[in-house]
């Protein structure tokens with residue numbers, strides 16, 4: 001029987017296989033940030049261990065970093081201590097580190113691809129669940145806990161068991177104004193936040209093949225929101241074109257050898273998936289979430305659902321609790337929901353393409369009077385590129401705030417937080433209770449919906465905007 | 001990691017589904033760089049805002065077994081969620097279904113996660129609601145949860161069970177196979193990237 005792409009990558013990395021034990025899997029790239037690593041480094045020190053492959057390890061500061069006053073010390077002493085611990089640990093163990101404000105700094109899942117460190121067929125881990133992002137290159141990439149971070153630092157391997165295989169096929173042409181974010185929100189709404197549990201998801205089909213690398217990263221990024229530890233897409237010419245010439249991409253004869261190997265990374269015709277989901281791209285519209293998990297999403301043309309309409313008791317109770325937390329009434333059209341803050345950024349949608357889409361809609365227009373919009377590039381390099389293209393001026397002239405790079409309001413570990421009761425339209429990945437600040441209410445949206453919403457102050461599709469100005 | 005063989009204690013019924021890691025411990029409580037002291041963030045929003053929240057009730061203050069609805073631990077990979085539960089006095093979480101990363105982390109941190117059928121989880125929630133002093137035994141050796149006159153079997157693979165019962169550190173186990181890692185590294189393609197600045 002044939003094998004899937006994920007199975008091929010997995011098998012290429014098995015160091016040791018013994019009946020009755022997990023496989024030992026080799027890790028090609030380990031990304032490290034300040035939040036989930038300090039206890040791992042302490043563990044190494046306590047046991048007298050070293051980092052086996054500092055040359056396969058890359059570190060940056062992202063979760064805690066402020067997005068204003070980048071040259072000043074971090075004001076929050078606890079955040080500062082965590083960032084300082086990372087600097088001390090990486091210096092002691094000889095790991096490359098990209099500190100705040102420097103060229104290579106940014107959200108860990110933005111800088112890996114940008115540096116060309118993320119390549120097809122690799123195994124990539126990080127103490128962060130959105131590591132699935134790197135699957136966009138045909139890598140097997142997944143989030144791990146701090147004990148496993150320590151294990152990878154010490155041995156460059158992880159004990160693993162093969163996952164089940166799921167295919168999500170999206171065929172057809174995406175309507176104008178519908179993006180990768182809408183695809184993945186629709187997938188999660190369809191299969192639920194537990195739909196991918198125990199599985200690796202392979203995204204396939206003509207609509208996926210037609211996406212840019214940035215868009216593919218958006219989709220793979222949110223695999224974890226469907227419960228899957230990893231999601232991936234077969235590498236193709238789009239992947240190779242993105243990688244060619246990047247700082248850590250292979251060069252010369254190495255490039256040819258690498259591309260030849262990468263071309264083999266495809267699911268066999270006769271491979272079998274444990275579960276298959278098919279979605280028609282042409283049927284998709286902009287999606288927004290109404291609840292407190294990423295599976296509670298609907299087309300923007302819909303209304304807030306009535307919990308009584310949920311057949312399943314658990315779903316009904318979850319919907320009731322979500323509406324109470326979100327301060328929403330069943331039957332309210334999604335387009336009538338007023339938001340206070342729009343957040344454009346995160347490892348889901350903080351890349352140059354995302355900023356371009358939003359800037360195009362904002363150009364020559366103004367953010368609504370009672371709405372604030374934060375634009376937080378995913379990395380210093382994304383910020384610099386946007387500034388070269390003049391996007392920063394578009395944002396600031398529209399009345400949005402142009403910030404420094406980091407995770408920012410996706411999870412509010414830095415000062416960028418929602419106030420209690422405040423409502424956001426956010427291009428991030430989680431609408432959990434309190435995720436963006438205590439008592440904050442989050443609607444997950446695409447960059448285009450975020451920009452359109454900023455202009456009207458209510459959840460708005462880009463197409464609505466054309467009708468307004470027509 | 002402490003060895004886990006069997007544990008007997010009282011249970012707290014948490015009748016919520018899809019309890020995500022941001023509810024177990026919000027991000028602002030992840031800034032500590034030590035491995036202990038995370039109990040202050042455990043379910044802090046619910047403890048603060050909901051007087052009726054189960055862990056606010058004095059009769060469940062000493063509970064060491066959390067009995068939760070399906071899809072416990074969704075979201076982030078933060079092992080701090082495991083640590084917060086351990087620091088908060090919990091030894092075991094029982095649920096019909098766990099998120100993958102949370103469950104995997106639990107096998108490294110020493111918090112035992114037990115999957116029971118939804119009907120049994122609800123029966124145990126009912127029983128510990130009716131009698132908060134109910135003694136519940138989670139027996140990893142026998143792969144059983146027992147309370148009152150009920151015994152419910154659960155599944156766990158032999159290898160993980162052995163590691164937990166011995167309290168073994170994964171790194172130590174892997175270090176017995178360093179020659180396999182050396183051999184694997186020797187045949188990796190030379191074009192694979194390193195992070196060394198170019």
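Cβ atoms here come from the backbone N, Cα and C positions, even for glycine.
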Annotated region 'Disordered' segment (source TrEMBL; candidates A:418-443, A:444-469): A:418-443
Proximal but sequence-remote residues of the same chain as residue A:407 ([4Fe-4S] cluster binding site) (Cβ under 8 Å, at least 6 apart): A:62, A:63, A:65, A:107, A:346, A:347, A:413, A:414
Output field, [4Fe-4S] cluster shell: CB within 8 Å of site CB centroid, site A:347, A:407, A:410 dropped: A:62, A:63, A:107, A:130, A:345, A:346, A:348, A:350, A:378, A:406, A:408, A:411, A:428, A:429
Neighbour tally for residue A:347 ([4Fe-4S] cluster binding site), based on other Cβ positions within 10 Å of its Cβ: 27
For residue A:410 ([4Fe-4S] cluster binding site), nearby residues of its own chain (Cβ under 8 Å, 6 or more apart in sequence): A:343, A:345, A:346, A:347, A:348, A:426, A:428, A:429, A:430, A:435, A:436
The region 'Disordered' (A:418-443) - residue tally per DSSP class, helix then strand then coil: 0 helix, 7 strand, 19 coil
In three-state DSSP terms, the structure that residue A:407 ([4Fe-4S] cluster binding site) belongs to: coil
